[in-house]
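Annotated features in Swiss-Prot:
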DISULFID  Cys14-Cys74  disulfide bond
DISULFID  Cys21-Cys68  disulfide bond
DISULFID  Cys22-Cys55  disulfide bond
CARBOHYD  Asn23  N-linked glycosylation site
DISULFID  Cys75-Cys88  disulfide bond
CARBOHYD  Asn77  N-linked glycosylation site
Amino acid sequence: PTKMTRRTEPASSCSTGSLDCCNSSGDATDTSITTLLAGIGLPIGSVTGLVGVTCSPITGIGLGGSGCSSEALCCSNNSFKGLVALGCVPVDLSL
């Protein structure tokens with residue numbers, strides 16, 4: 001199978017969601033992600049795209065720090081108390 005390269009957007013382009021710093025991320029079809037989603041009551045197949053895992057809001061952009069030492073993502077739905085964030089796109093905090 002061909003591995004898809006993740007597209008990285010400038011952090012400033014995150015206008016549809018929140019900037020989040022996530023410990024890891026994976027495709028919604030990955031076994032570890034589907035297990036996690038099922039564990040919080042989301043039906044398998046109801047979530048698509050990139051999912052952030054163990055996320056917190058990024059603050060301090062433009063204040064001289066990167067604001068995230070893990071994976072910086074722009075996510076459209078982070079209403080699961082930081083456990084997962086849905087609809088994510090990787091972002092570059094330096095752009």
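Cβ coordinates are placed from backbone N, Cα and C, and glycine is handled just like the others.
On the structure: features taken from Swiss-Prot.
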{"residue": "Cys14", "record": "disulfide bond", "contacts (Cβ under 8 Å, 6+ apart)": "Cys74, Val89, Val91"}
{"residue": "Cys21", "record": "disulfide bond", "contacts (Cβ under 8 Å, 6+ apart)": "Cys55, Ser56, Pro57, Ile58, Gly67, Cys68, Ser69, Ser70, Glu71, Ala72, Leu73"}
{"residue": "Cys22", "record": "disulfide bond", "contacts (Cβ under 8 Å, 6+ apart)": "Gly52, Val53, Thr54, Cys55, Ser70, Glu71, Leu73, Ala85, Cys88"}
{"residue": "Asn23", "record": "N-linked glycosylation site", "contacts (Cβ under 8 Å, 6+ apart)": "Val53, Thr54, Cys55, Ser70, Glu71"}
{"residue": "Cys75", "record": "disulfide bond", "contacts (Cβ under 8 Å, 6+ apart)": "Gly17, Ser18, Asp20, Gly52, Cys55, Ala85, Leu86, Gly87, Cys88, Val89"}
{"residue": "Asn77", "record": "N-linked glycosylation site", "contacts (Cβ under 8 Å, 6+ apart)": "Gly17, Ala85, Leu86, Gly87"}
Among Cys68, Cys88, the one of these disulfide-bonded residues whose Cβ has the fewest neighbouring Cβ atoms within 10 Å: Cys68
Sparsest Cβ surroundings (other CB atoms within 10 Å) among the disulfide-bonded residues Cys55, Cys74: Cys74
